[in-house]
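Report on one structure; see the data block that follows.
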Amino acid sequence: MFAYIVRRVLATIPVMAIVALFVFSLLYIAPGDPAAVIAGDQATPDDVERIRASLGLDRPYLVRFGAWVWDIARGDLGVSIFTNLPVSTMIQQRIEPTLSLMIVTLILAITVAVPMGVVAAWRQGTTIDRAVMAFAVLGFSVPVFVVGYMLAYIFALELDWLPVQGYTPFSRGFWPWLQNLILPAIALGSVYIALIARITRATMLEVLQQDYIRTAKAKGLGQRAILFVHALKNAAVPIITIIGIGLAGLIGGAVVTESVFAIPGLGRLTVDAILRRDYPVIQGVVLLFSFVYVLVNLAIDLAYTLFDPRIRY
Amino acid sequence: MALLEVDALQTHFRTPDGINRAVDGVSFHVNAGETLAIVGESGCGKSVTAMSILRLIPEPPGKIAGAIRFNGKNLLEATDKEMRAIRGNEISMIFQEPMTSLNPVLTVGRQIGETLRLHQGLSAQAAEDRAVEMLNLVGIPEAKRRVREYPHQLSGGMRQRVMIAIALACNPKLLIADEPTTALDVTIQAQILDLMRDLKHRVGAAIVLITHDLGVVAEVAERVVVMYAGKKVEEAPVHALFNRPRHPYTQGLLGSVPKLGSSLTGEATRLAEIPGLVPSLKQKIPGCVFASRCPHATDLCTAIAPALEEKAPGHVAACHYALREGALAA
């Protein structure tokens, strides 16, 4: 088990190296010249050339890549072209809102979607089941920003239950913090909930057909113990897998959600950086997201062993 | 009063192409401490009968009618809560497939202890201690280590021993064993049967043994019910059944078992078989259900269903001609 963890952690190195190469290259080949943008409308070609040299953009591709990787390895993500602040500092300033949004969404999605899927499978073919499935289809097909604006309109503007937008740091208290995150989490989580609920239902339907469920019933166990202990633990592996896969979508969705609800997080930082062609910031954020994704996948692989003793590494 | 009285049990299933009469008016009883075997071919309704007793049939599409009296209480009128208190506690069940009947993600100890905690209110620790005792009782070596293992770490025979341990943990009054040895190797089959016989004497539980294996019946049963196409066609004490089967179907079943000393080569000793298949349970058959395959069938058999009649003390059969000795012994 320990050897497996070490192997998996080491295996993330080449993965991250390839990700880094892509991140670096994508911006290298993207249209638009950051030197020209910084120089502004009045600049002469000489000015642009001077800025390009000062940014090191005139050096060969591989040299720049090597230097970039070396800097990152030492924890230096570069300096923003626009704010002149270190990228790592900018990310630190913006990470709390995004992390908060992700965690609240994740908890909300799992606590809502898993019981939904379980009950739908148990009551297969009934109105409850159909309602869950209808919700799942709806959750898939309505885009995040539509759900976001609708929620903001109904619960913030009309009913005035929750704030329209913005973010309150956790240090100012749990409830103020959560208040600002409820609507964004629902908006961001709707696709995620739909996905998890569907997979939970499908997996549970299969598990409930198994002989050991009949055994559990013959032992005199109640419906809740049968569903949530005997069946759900067997359904856990596919459900956890989809939670992990969905997390990638969540990262993309966070960018949109933060824009809709004016949350000053990494998503907003990314969008702003892209609009300004702030290369070091874009690279830093994308690299961070990739790293988180690789880590989450590692955590999921390890979590399998908690739920299914037949899986051994 | 009998421990279990099944009276005119009907278990029907609604299917897209009509009603499947899996069990159609079966009656029998089991006395305390007795072993009753229910035998018949695949699809004759014996497993459905077993599942109906504990009401493990999903309803709908299933529908159970008649009466199942356990200690005088009709289980078909019991609430879900009352049924849960009986399942695994007063009546428990062993299934045919030891490989799939245990939950793969829970430890063996947890699965044995679960019934104890549920029905006897034991603490987690007490339940585990008792689980170790149960594993010892069913002959699993290193029980202390095994309670923490998962089903996939055990062989098929071991798993069936675990199933028996689960079934007997709460000292049930009745154990329903649905083909408990069918999925096992022959040598393991004998061990499991020995174990069941041994434990039955220790625990004093009555057993309803569902099987198609007449060898098993001869070894462990005291009385036998023969089922065919959802109906009981014969019931007798085990010796009477083997010595003088009255119903042509039972005779056919016994004829299809090889006898010790008979040569397996040569035309003369060819194993007898019953021609044809069990009729579809979706149509009502006006006459005798076995008429279409019976070598002795007459117009009377296809027209009028024979009632169960006592042909000898404690020996009933549903056949118009079963009294005419010699005529059927052909």
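Quick reminder: no glycine exception, Cβ is built from N, Cα and C everywhere.
According to TrEMBL, the feature transmembrane segment maps to A:9-30, A:99-122, A:134-157, A:177-197, A:235-261, A:281-307. Taken from TrEMBL, the feature domain 'ABC transmembrane type-1' applies to A:95-304.
Using a Cβ-Cβ cut-off under 8 Å and counting only residues 6 or more beyond its ends in the same chain, the transmembrane segment (A:134-157) has close neighbours at 116, 163-165, 183-184, 186-188, 190-191, 193-195, 197-198, 253, 256-257, 259-261. Between the transmembrane segment (A:99-122) and the transmembrane segment (A:281-307), fewer than three CB pairs separated by 6 or more residues in sequence fall under 8 Å, so the two stretches do not touch. With a threshold of 8 Å between CB atoms, the same-chain residues lying at least 6 positions outside the transmembrane segment (A:177-197) that come near it are 100-101, 104-105, 108-110, 112-114, 116-117, 120, 132, 135-140, 142, 144-145, 147-148, 151-152, 155-156, 162-163, 165-170, 239, 242-243, 246, 249-250, 253-254, 257-258, 260-261, 263.
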